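Engineer: As annotated in Swiss-Prot:
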- 1-25: signal peptide (SIGNAL)
- Cys91-Cys141: disulfide bond (DISULFID)
- Asn109: N-linked glycosylation site (CARBOHYD)
Amino acid sequence: MEICRGLGSHLICLLLFLFHSETVGRPSGRKPSKMQAFRIWDVNQKTFYLRNNQLVAGYLQGPNVNLEEKIDVVPIEPHALFLGIHGGKMCLSCVKSGDETRLQLEAVNITDLSKNRKQDKRFAFVRSDSGPTTSFESAACPGWFLCTAMEADQPVSLTNMPDKGVMVTKFYFQEDE
């Protein structure tokens, strides 16, 4: 019994040493995040595309399928991420003005954003997976979720009533190949 406890403590020391060595080798103690492209479409099969500099969701067919916007993602925590389009040059943000909370596209480079800067929190979304679908909640405005309208060709927006069935808040989110 005494031998097992001795072996256990040596094993713990070894693991602590290895784990400490792993994190000391990186400047911030975590792996640098890289941008990845994802396809996104709602549970009603509407994809995102840009119309008049506004992100909308609709049914793209034929030659219009090339209009589909890929979502650029930079993970910042296990379940939080920045979302952008156009190679990360335009980012989705949650903006609150008075009683109004809205989604907007901002001309900001996604790789310049930092989870440690308070002003960048409006660009962060918390990803929640439920089976094959994903929802995105604003980190800056808790309770507000990325959504699409039931009708096609309407702006992608935010809702604080995800369970009312008025807006679609469940998406398929798949890494682009």
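Just so you know, glycine gets a Cβ as well, placed from its N, Cα and C.
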Engineer: Would you please pick out, from the disulfide-bonded residues Cys91, Cys141, the one with the fewest other Cβ atoms within 10 Å of its Cβ?
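Structural biologist: Among the disulfide-bonded residues Cys91, Cys141, the lowest count of other Cβ atoms within 10 Å belongs to Cys141.
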Engineer: Are there any residues in the same chain, six or more apart in sequence, whose C-beta is under 8 angstroms from the C-beta of Asn109 (N-linked glycosylation site), and if so which?
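Structural biologist: The answer is Gly88, Lys89.
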Engineer: If H, G and I count as helix, E and B as strand, and all else as coil, what does DSSP give for Asn109 (N-linked glycosylation site)?
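Structural biologist: For Asn109 (N-linked glycosylation site) - judged by DSSP and reduced to three states - the answer is coil.
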Engineer: Helix, strand or coil: which one is Cys91 (disulfide bond) in, per DSSP?
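Structural biologist: Strand, per DSSP.
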